[in-house]
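Per TrEMBL, the features are:
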type     : residues : note
TRANSMEM : 6-29     : transmembrane segment
DOMAIN   : 6-200    : domain 'MHYT'
TRANSMEM : 41-64    : transmembrane segment
TRANSMEM : 76-96    : transmembrane segment
TRANSMEM : 108-130  : transmembrane segment
TRANSMEM : 142-164  : transmembrane segment
TRANSMEM : 176-193  : transmembrane segment
TRANSMEM : 213-236  : transmembrane segment
DOMAIN   : 290-422  : domain 'GGDEF'
DOMAIN   : 431-685  : domain 'EAL'
Amino acid sequence: MLNISWDPVLIAISYLVAFIASFVALDSAGKIPLSSRKAALFWRIAGGVTLGIGTWSMHFIGMLSMQMPMMMSYDLWLTLTSLGVAVVASTTALNIAVTGKKRSPVRLILATAILSAGVVSMHYTGMAALMLDGGIIWDRRIVGLSVVIAVVASGTALWLAFRLRDKHKGVFIERILAAIVMGAAICAMHYTGMSAARFQDMAHTLPGGISELGLSIWVSVTTLCLLGMMLIISLIDSHRRTSRLTDNLQQLNRQLELQARFDALTGLANRHQMDLRMQDCLRSALLSNRPFAVIFLNVDHFKRINDTWGHSVGDEFLIAVAQRITARLTHEMTLARLGGDAFILLVPECDDDKLNALLTALLEDVRRPLSICGHALSTTISAGVSLYPRDGETLHELKLKADAALHHVKEEGRNAWTIYRAEMSTAIPAKPGFLQELSQALERDQFELWYQPTWYAQEKTIHGFEALLRWRHPEQGVVLPHLFIPSLEQTGLIIQVGNWAIEAACRQLHFWTEQGFSQWTLSLNLSPVQFEQPDIFHIVSSMLEKYNLSPSRLILEVTESTALKNLDRSIELLNAFNHAGITVSIDDFGTGYSNLLMLSVLPAKELKIDRSFVTSMLENEKSHKLVETIISIARTMEMNVVAEGIETKEQEAVLTRLGCDYLQGYLFSRPLPAEQVPWLLLQINSDKMIIPINKIQTDPAFISQKNHA
């Protein structure tokens, strides 16, 4: 047999080529989920072609490193065939492996089979391209070993490509390490296969073909040009993507800042902006000792218009009413929309004459018919007024009394206004004994957790549930949380109730696990008071341990304003939850600070888009673009996205198309008591779909409670 030596420099170069090709392929795969459909197709093909050509180039450089006692030549067509096999196999396998959001063992096995078959075929076709008289004798055991190595190397490469595909933060070092492993695996297969070849002593080169020098120049130039070009394209794309992301972040933060201060429908100030304006007004009044008025306004019988003509007409009607009111105001006055048909008006330096003239004119202006979408519509407004300092010296007290005056006007027939009087105090929503009943509710076992499902957007199957607190009052029935949680927080009772809720949620999750639903997750809201509780991490951890639950199945929801209030403390706590395997979700995103640049430093894994964005995105192009940008940036930050408040099929379709991970809302199910969850599952199994839940609502116990959900 011929004596063969090896050139270590060429061996090193062959490994370098395999490493660079592996890195470019992994980098291309990582760009797929961040790209548009056309761009994603380009990166899938580019990654496969690069891996194929890189593997082929590494193979022929390795063959050139094999020092024979004569100059070698290679058959052109077999050489090109081996290149084609490598490119087609790599491109096909990579496309199969990285397609789909979830890792699929079937896809991985299929892709591994294709890639390993392609690599083996490429290798031995390339060896057959050697133009030798006498041929090659093969050691079958080593050939078999090379095939095994090819399968392992291919599976490793494709698994790494999928695993790193969706990672975008701190992934550069991981891709370098993965490329080192992939390059080593490819070289191991190649040189094992080369060692299986035995050349007879009398073998000599046949005439024709491509010379060693020609092949080396061709392979080197082709490889360097291709890999260099792909690296440059990748770097340019990364730079453009970073610039685009920075621009999107800045634009989105500006939009979110507006969203946080102004009502999306009417363009008026919102509740948060009004609170700031009222605080400024109160400070000025303290210095000047001048009165100001707080006026609560309601559009009378607005529900009738909404029900008769539909929500789109109702929205246009509210906009027109807001414009009528605004036209009568002066620049120092501030009008805000609280939600629905409720508005609040702040009038600085207000005396009785000014107040009377303003409200009389407003009632008259609004009373005039409006032409909305071809319909002549009429309405009236009711107004309740409180005056500083006569009716109170705090904003909370002034708002309560203006609300009481408004309720009085409604009870007297609407279409009027009145200033708060002492006898209206019963209209303030404060029931004697309320706090005492609330303090006893826990020991009397009156609190309950109700559960609203979240769904995989793509598969339309249950992902988990969100636990929602309810108070089953012996006289009033089921009381919703917004009516009692503020009192729990003010009195400090929220700590005891919150701890009870954590254990109750874990107990329920344990029960579902025993019933066979071990894949379900459970989300639980943490109030601001709970979040600041020093031992909150210990409490959550101990409950998970007590009920033998995997931490990854618990999702703790905190609002963005809560998380950003004390940033250092939040980062420390969220890191602790993350290290323990507990997912943290930023709830009601878009309603608080709404600063994505700050959000990027929080170690949260999930972002929950507030229902106000979902509600307005189909009618408002800006809201639609805002939701699209939020989802895109959240994916870049490696955060799952949940959309809540989904009520229509159109909203579901748009959010699914935009790449939202999970969906939640009345379209799928209202919040249910735990005993009603089996009814939901029965409905899903019987209809093979998630909509609607009318059959669940036929249960008598549910009918008695559905108006409270």
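Backbone N, Cα and C atoms are what each Cβ position is placed from, and that goes for glycine too.
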Non-local residues, at least 6 beyond the ends, that sit with Cβ under 8 Å of the transmembrane segment (142-164): 22, 25-26, 29-30, 47, 51, 93-94, 97-98, 103, 108, 111-113, 115-116, 119-120, 123, 171, 174-175, 178, 181-182, 185-186, 188-189, 192-193, 195-196
Stretch contact, the transmembrane segment (108-130) with the transmembrane segment (6-29), Cβ-Cβ under 8 Å, 3+ pairs: no
Local confidence of the domain 'MHYT' (6-200) - pLDDT mean: 78
